[in-house]
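Here's what Swiss-Prot has on this protein:
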- 91: N-linked glycosylation site (CARBOHYD)
- 109: N-linked glycosylation site (CARBOHYD)
- 145: N-linked glycosylation site (CARBOHYD)
- 189: N-linked glycosylation site (CARBOHYD)
- 207: N-linked glycosylation site (CARBOHYD)
- 243: N-linked glycosylation site (CARBOHYD)
- 305: N-linked glycosylation site (CARBOHYD)
- 352: N-linked glycosylation site (CARBOHYD)
- 506: N-linked glycosylation site (CARBOHYD)
- 519: N-linked glycosylation site (CARBOHYD)
- 575: N-linked glycosylation site (CARBOHYD)
- 779: N-linked glycosylation site (CARBOHYD)
- 146-169: repeat 'LRR 3' (REPEAT)
- 317-340: repeat 'LRR 10' (REPEAT)
- 342-364: repeat 'LRR 11' (REPEAT)
- 554-576: repeat 'LRR 20' (REPEAT)
- 725-747: repeat 'LRR 25' (REPEAT)
- 774-797: repeat 'LRR 27' (REPEAT)
- 22-846: topological domain 'Extracellular' (TOPO_DOM)
């Protein structure tokens, strides 16, 4: 939340002012630092910056951000924000600054560096910030040497482990480890509870857990801000929380807390109480509405019930934001809320009231700016022009309200900036007056039955609308001329047709355009090359993709799949250094594989399937393909040829490690548009997965998929594919691959779908496949495989068709027995266990004796063992996937 970030920044500034006595140079005169710094310090700083790519730094004043002690010449403060790119190594010159008291290196790109134990040598540090800089792995225990630290900020990295490094940091007043992967049980002996001077503690978005919030939090009685959002805390909030009498902000959302609401009545300084997304039950204490400084209260998404009582003295309440949606209140709750006359934000969404809500009940809330009644039953009469609701409203959300007519009451809301009417039954046309609302900037009216636009197109063109989302309606005909101020326009799944109008080229503020799933024809206008996101999927567009991408083009995502495009892939795409997503699948593009795109540093998804790509898939130098950030590569249904070198997958760095799925789960475009409301926009791909073709919205950033099926690839499957630990789906079917199935498949622990059918693979199916506990689909049919099918839950659950067409394969689920007879009928588990035990003893004796009576029989059995691996030799320990 913005309030939390403001609190942290304020505290850091306060601490920095304490770190900077008069012997230091002031912040507003950094140039003086150059004259005060000793020659060795100047040399060390120059060496430090030379270790990185510093193109983002302020080169007009290279010493900006450096402070030196005017008596000793030692660097005592270093601040380089969003400036450095490269690996921070243990032998870095940074660790020569032994007199540093403040080190601020936030928002740099240290490219997945581990935090060096050498930081523990900087034992004069009082303020250390390494937030949002790409650090991973555990924080070294040497941090416990930094006993002078007052502030430690490690937020927004990929750090793991526990908080044991905080031991001995007894002077710590600010600790922020939010948005990482720290984990473990917070028990009473945790080093966290030894920080008796802590005033700001942020554990948000980690994996901490406890059967209840530890009582020991109540001992940190100097705390002013406590945030444990989005962890795995269970149970009740302890009564000791009432000991934190200095607390001004308390954030507990998105955990598993139960019981009654925490006792906070004694926390008279509390201004923010955020309890969203838990399992709190019972009623709301009326005292919450009269707390002297409480301005923000979110109880949304719990199991609260009963009625709401607001004392008559509540007119003096400072409560400005109240979020009560998604609970189970009973009886009349709106009248009491109308007493809170200072409210600016009110969320009562999805309350499932048994009576219609009359909007005029909110007429007393003269300061109301935001009202969310989504999912509620709204009185039809209150949506007419005669109804009265506060004219101050800027945001109005009425989604999922079963509204059938466009609300005329909007005409009176001249301050309205944000409208959300999605998932209703509104039919007819957009009224002309809507676009005349003077401050209207964001309109979300998706999933309705609207067919067109009333009146003159000039009204829409001259409106103030910047964000317009009209997905899944019945809009038809030509695309209307968009507002001159438009920034985001989405009309997915409508019936628009004809050419994309060239007037769109005059919309200089347009960043996102999504016209997917319509009936547009003709060419793609070249001017659209300047967008951030361009989505034209599943239309009838023709011609070639414009080759108009100039240097530093901001394009992040281009999807023109499922059209009738021809020609070649634009060579100028190499200029799109920010490109993350490229889809041209299911067209008629005829070209060689675009090896040049591996130079794009951020490309994560490349979809080329069902075109006319031809020629070798291996690079001209026969080395690794080398897409550093690529996670999804689909090239199925082309005419690509050749073999894959043994190191083909070596440089696929992003696919070689898995990520925590709680953070950055999907490829998404996000933008704050009003307060806590965000515009989110997800990528979509068509994926052949587990033998089925499916459309997948919300593309994961934490997993990888590869589809090379339906080409003319040959040779062996490279063992280097076992490096791709994030791989969940692999399809190499319908090629001419030969050789053995790689043993390295056993390393693909996240694999869920594997299709190797219709190749010329030989040898046996690796036993390691049965250890892949997530593997739900396997198809190795129509190859030249031999031997027994490995027995395991993931393998034996496959249909017989997944193994057919291999003359030498035997064992379940095929009927062919590995001992030359038909597979015996199913037995009861006990009988089968006894028989297998007897068989195991018999066969081992036959092999071990070797000589004596029955020598020939023993040799025959030994030969069978060497060829087929009997079922009873497979020792199975498979853990089922925990759903």
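Please read every residue number as a count from 1 along the shown chain.
Even glycines carry a Cβ here, placed using N, Cα and C.
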Spatial separation of residue 145 (N-linked glycosylation site) from residue 352 (N-linked glycosylation site) - C-alpha basis, Å:
56
May I ask for the distance between residue 305 (N-linked glycosylation site) and residue 243 (N-linked glycosylation site), taken between their Cα atoms and rounded to an integer number of Å?
27
Per DSSP, to which secondary structure element type does residue 91 (N-linked glycosylation site) belong, with helix, strand and coil as the options?
coil
Count the Cβ atoms, other than its own, that fall within 10 Å of the Cβ of residue 305 (N-linked glycosylation site), considering every protein chain shown.
14
Long-range same-chain neighbours of residue 91 (N-linked glycosylation site), Cβ under 8 Å, sequence gap at least 6?
none
According to DSSP, folded down to helix, strand and coil, what is residue 189 (N-linked glycosylation site)?
coil
Spatial neighbours of residue 575 (N-linked glycosylation site) that are distant in sequence (at least 6 apart) but have CB under 8 A:
549, 550, 551, 552, 553
Closest of the glycosylation sites to residue 145 (N-linked glycosylation site), Cα to Cα, picking from 189, 207, 243, 506, 519?
189
Rounded Cα-Cα span from residue 506 (N-linked glycosylation site) to residue 109 (N-linked glycosylation site), Å:
36
Excluding the flanking five residues on each side, which residues at least 6 beyond the ends of the repeat 'LRR 10' (317-340) place their CB within less than 8 Å of a CB in that stretch?
276, 289-310, 346-353, 357, 361-362, 364-365, 367, 372, 374-375
Nearest by CA distance to residue 243 (N-linked glycosylation site): which of the glycosylation sites is it, out of 189, 207, 506, 519, 779?
189
Measure from the Cβ of residue 189 (N-linked glycosylation site) and count the other Cβ atoms within 10 Å, all protein chains considered.
10
For residue 352 (N-linked glycosylation site), what is the secondary structure state per DSSP, taken as helix, strand or coil?
coil
Cα distance, residue 207 (N-linked glycosylation site) to residue 779 (N-linked glycosylation site), nearest Å?
36
Restricting to the chain of residue 519 (N-linked glycosylation site) and a gap of 6 or more, list residues whose Cβ falls under 8 Å of its Cβ, or answer none.
495, 496, 497, 539, 540
Cβ-Cβ under 8 Å from residue 506 (N-linked glycosylation site), same chain, 6 or more residues apart: which ones?
484
Pick out which of the glycosylation sites 207, 243, 352 has the most other Cβ atoms within 10 Å of its own Cβ.
243
